Amino acid sequence: MGCSESKGAVEPAATTSSHPTMASSSRTAPSPAPAAINAAQHGNFPVFLSFRVKEAKPQALALKAALEAHGFATFCSECDIPRGKDWIRTISDALAKCQLVIVLATRTYGAPGTDAFATGEELAFARKNKKELYIVPMADVWEDSSTNVLLGTMQLGRGWTTPPNQVPSDLLADLLDIYKDVLPVASVKGAAQKLQEQQAAEQLAAKMRKADEPQLHQEEAIPQTLPVQSIKQQQQQQQQLQAGSEQHIAVEAETRQQSAVEADREQQSVLEAEKERQLADAWRREAEEAAAAHAREEQRREAQLQAAKRKADAEAKQAEEQRVLKKQLEQALREAEEGEAAVQAREEQFRQERLLAEQERAAAAEKEAMLEQLNAAKARAAAAEAQRQEKELQYRQEMERRVEQGKAAAAAKAQQKQQQQQRQQPQALPPLQLLSSPSCSTTLTGHSSNVNSVAYHPDGLSLVSGSGDGTIKLWSVASGVCTATFGARSGSWTRLFQNGHSTYVNSVAISQDGRLVASGSDDGSVKLWDLGSRKCTATLTGHEGDVRCVAISPDGVTLASASNDRIIKLWDTQSGSCKASLEGHCNWVRCVAFSLDGALLASGGNDDTLRVWDARSARSIAVFKGHCGPVTSVVFSADGAAVLSGSYDGTIKVWDAKSSWQCLKTLGHSGCVNSVALSPDGQYAVSGPGNLFDNDRTIRIWDWRGSGKCLATLKGHSDRVCSVAVSPDGKTLASGSMDNTIKLWRIAQ
């Protein structure tokens, strides 16, 4: 179907059939622009071939080759033009060069029963720039009869039912029939071919006519007694003459058919001219009717204006009369108000006199009542004084008792604090000497998934680990045997131990007195375990994301937990209540650690920052920025003067935690740093590397106070190292890995 230009919009051309498969004779070639005619005269009639899905690409390539073979210059949306975010802006230059837009319509181009037969870009462009637009439907596009009727006048061919690389003949015939007058290359080729055929037919007919005359004379001269062979030759010649006549007749029929087609075209041009004349007459009549309507509207407005003027005069006269009446009424009201005011003044005087007499009587009665109340108050005051003296005596006795209790409690607390300080102070250990060749002494196996966290018991005889299998295990360091499992399971995710975690355990921590174990898990909870009874004593809930790390303060009273919800929570280990929520990180919080005196708390997260908090007031003290990746591990030095942080950027940074709050030193690592730990005497630091993006499986020991060099490299794990911890005596190192094992290394003596 063709699209004709009408007032800047693309409208369907007239058709004689309501079926979507239209004969090519029902379409009329559009009047091409001069630029198109010039391009066509040079054998380059521009066509834009549009399709939106990959399934239509074979058909588009086949149709592109066929069009170019017939003189069209074809631009293809998928083949010649790169696709981007703003597709129509990208292809606008190519569309501007084209006179014709052909859309390979698939189901994505429009819903059945609507006029959305092409995307808004092609249709809007055709309307705005007065371009011709045709639809080539795929075999099963339109399922609604009303859509078929609507699209029938814009459709080429009867649908693509042939193989993808074979262009349907009816589609190409429709297009060539419509544009045969503006396709010099195609029409010249066709005219030349027809001229050659016509000349060949005329030459053949002339030869046949010349051959007929001598054969007729020969037939008259031939006697009736010819041989049988001559008769057969004569019959063959007659058959050849008859075949030449039939071919001549066919050529003449084709010539007559062409003449009829030309006559149809001329008639169609006359009909179009008549339609344009009728349209001009209709526009002229509409203009005359609009002028008459405008004159009538002006008369109506003038009449309305006169009526409004008369109405305004009447309203002004009525308003003047009302003003005079209002003035008279106001005068009468003032006179009435003056008389009423005089009456009210006399009544007010009488009322004041009666009120004065009543007040005098009430004052006398009130005086009597006050005397009675005074006597009662004196009696109550005497009784209250007696009670006060008795209560004061009781209060003195109670205060004396409380003072005695406070002195006793203060003495007990001072003794307890002294004992706690003694426990917190590092034991005077002999100077450690690193072994020249540290080696793995024991490998602990038992977890069925990666070991995410390890922590030494304060006595150094046992070790606690948390794993991705959802369990927490207690190990004997001497024998390497698992002595207890918290949250054990049997079968597919079935917990045998009550109150166990339901998924990965990310972190474990042990209190300084060695009685309490804390664990954090991907199930969003923190659990407290009693090492003596091996039972879960509390489950702390409140985080809205995975719990990445837990830490217990040196006095064992406060527990800190870090979560993916960007919040650090401080919990009371006795009551299980949340004491404070620390907010400041703008991404996951991966690690937390207390200073040895419990006054400070350090945290690191995926926002690449390290933060230091006042653990008592829950107030942010400092923010350290310097890492280029998530901060995965933090630890305070024994004297609290420095903080060490490990990061995915492959570095360990040493920060001043006392005065300048600046980075003092940076230790390099070959891969991402997952965990950092310090020896009890603070002589060396230990780091465990590895994540999904590097192959570093080594554990490194650093001289972090002095030269900053790597003192030793430990190799043994077959997968990434998740956690490291140093024993209380500083001689043994424990490492947990994603190879499901825990290794104990002898590193010093």
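Cβ coordinates are placed from backbone N, Cα and C, and glycine is handled just like the others.
Keep in mind that TrEMBL annotations are predicted by a computer and have not been checked by a curator.
What TrEMBL records for 20-36 (among others) is compositional bias 'Low complexity'.
Annotated compositional bias 'Low complexity' per TrEMBL: 233-242 (among others), in sequence order.
Mapped onto DSSP classes, the compositional bias 'Basic and acidic residues' (262-273) shows 12 helix, 0 strand, 0 coil. Taken from TrEMBL, the feature compositional bias 'Basic and acidic residues' covers 262-273 (among others).
DSSP places the residues of the compositional bias 'Basic and acidic residues' (294-303) in helix, strand and coil in these numbers: 10 helix, 0 strand, 0 coil. Feature annotation from TrEMBL assigns compositional bias 'Basic and acidic residues' to 294-303 (among others).
Summarised by DSSP class, the composition of the compositional bias 'Basic and acidic residues' (310-319) is 10 helix, 0 strand, 0 coil. What TrEMBL records for 310-319 (among others) is compositional bias 'Basic and acidic residues'.
Residues or ranges marked as compositional bias 'Low complexity' in TrEMBL: 407-434 (among others).
Feature annotation from TrEMBL assigns domain 'TIR' to 47-137.
Per TrEMBL, the feature region 'Disordered' maps to 1-36 (among others).
Per TrEMBL, the feature region 'Disordered' maps to 228-247 (among others).
Sequence annotations record features per position, and here TrEMBL assigns region 'Disordered' to 254-273 (among others).
If you look up TrEMBL, you'll see 291-319 (among others) marked as region 'Disordered'.
According to TrEMBL, the region 'Disordered' annotation covers 398-441 (among others).
Within its own chain, the repeat 'WD' (444-485) has Cβ neighbours under 8 Å at 495, 497, 500-510, 512-514, 517, 519, 521, 529, 531, 534, 719, 722-729, 732, 734-744, counting only residues six or more beyond its boundaries. According to TrEMBL, the feature repeat 'WD' maps to 444-485 (among others).
Nonlocal intrachain contacts for the repeat 'WD' (498-539), taken as residues 6+ away from its ends with a CB within less than 8 angstroms of a stretch CB, comprise 423-424, 449, 452-459, 464-468, 470-472, 474, 484, 486-489, 545-552, 554-556, 559, 561-563, 571, 573, 576. TrEMBL lists 498-539 (among others) with the feature repeat 'WD'.
The helix, strand and coil residue counts that DSSP assigns across the repeat 'WD' (540-581) are 0 helix, 24 strand, 18 coil. TrEMBL lists 540-581 (among others) with the feature repeat 'WD'.
According to TrEMBL, the feature repeat 'WD' maps to 582-623 (among others). Residue counts of the repeat 'WD' (582-623) by helix, strand and coil are 0 helix, 25 strand, 17 coil (DSSP-based).
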**OP:** Residue list, the repeat 'WD' (624-659) vs rest of chain: Cβ under 8 Å, 6 or more residues beyond ends.
**Re:** 426, 587-588, 590-597, 600, 602-606, 608-612, 665-678, 680-682, 685, 687, 689, 691, 702, 704
Subject >> the repeat 'WD' (714-749), counted residue by residue under DSSP: helix, strand, coil >> reply: 0 helix, 21 strand, 15 coil
